[in-house]
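**Student:** Okay, these came from Swiss-Prot:
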MOD_RES   SER233  phosphoserine
MOD_RES   SER258  phosphoserine
MOD_RES   SER266  phosphoserine
MOD_RES   SER277  phosphoserine
TOPO_DOM  1-22  topological domain 'Cytoplasmic'
TOPO_DOM  46-75  topological domain 'Extracellular'
TOPO_DOM  96-130  topological domain 'Cytoplasmic'
TOPO_DOM  154-191  topological domain 'Extracellular'
TOPO_DOM  215-283  topological domain 'Cytoplasmic'
TRANSMEM  23-45  transmembrane segment
TRANSMEM  76-95  transmembrane segment
TRANSMEM  131-153  transmembrane segment
TRANSMEM  192-214  transmembrane segment
Amino acid sequence: MNWTGLYTLLSGVNRHSTAIGRVWLSVIFIFRIMVLVVAAESVWGDEKSSFICNTLQPGCNSVCYDQFFPISHVRLWSLQLILVSTPALLVAMHVAHQQHIEKKMLRLEGHGDPLHLEEVKRHKVHISGTLWWAYVISVVFRLLFEAVFMYVFYLLYPGYAMVRLVKCDVYPCPNTVDCFVSRPTEKTVFTVFMLAASGICIILNVAEVVYLIIRACARRAQRRSNPPSRKGSGFGHRLSPEYKQNEINKLLSEQDGSLKDILRRSPGTGAGLAEKSDRCSAC
């Protein structure tokens, strides 16, 4: 399986994540995907061919293997990692939408050159407003997917340990036959390791949700105690009504200053311009 596309996607979202989110991504790729690709797939590569039963009845090996291993461990973990990583698409789409709106605002303001547009693409979007909700929802879905897959894994393989010998009496086996599992100890070690990594990811997801809620409450309390500063040039600042009003006031003040310069330079026409200025002020 090629994980390059998934890595590229999550790396892009990682730029806008919290510190806990970056740790989660490291656990996903170092302790889960790398182990799955490098070691686990080779360990489970012969699981079907090396599952041997002490009978020559055609089809007995296949039905016994399907009874005790309905879903391969590797395929189940691969599906789990894909679904756990999918909620990051929600954050990626939201960030792309915000950057698209900001680029449109820059073009309307006359700053649509490639340098400014590339700067918008590179700068980090702060987790606030609707992005905060999108990020929290994505983390909650990651948490739910992890918990559901661990429960499904427990239902399929109770105890999480790989047995050495299983007894099978499913048709078309002539009687109760003994079937032997290849590399049971090695598979048990990898199973425990992958489940432990999944448990660590669950803890990180819970910690990230708590951290985001606490930080949002702290920001709200700070805004209530101290009025928000109007300085800065972030995305929210560019689209806020205060920013737009400040820009309008700046343009009006520049026009007023230009009018005063004209009055100083042309005393003869100063009275007429002053009268027009007074009429405009009265309006």
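In case you wondered, yes, glycine gets a Cβ from its N, Cα and C as well.
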**Student:** Report the listed stretch (76-95, 131-153, 192-214) having the maximum count of Cβ pairs within less than 8 Å of the transmembrane segment (23-45).
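**Tutor:** Checked against 76-95, 131-153, 192-214; highest Cβ contact count belongs to 192-214.
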**Student:** Do you know the mean pLDDT across the topological domain 'Extracellular' (46-75)?
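**Tutor:** A mean pLDDT of 84 is what the model gives the topological domain 'Extracellular' (46-75).
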**Student:** Mind checking which residues of the chain, 6+ beyond the ends of the topological domain 'Extracellular' (154-191), have their Cβ under 8 Å from one of its Cβ atoms?
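**Tutor:** Distant Cβ neighbours of the topological domain 'Extracellular' (154-191) are 35, 39-40, 43-44, 46-47, 50-55, 57-61, 63-65, 67-68, 70-71, 73, 76.
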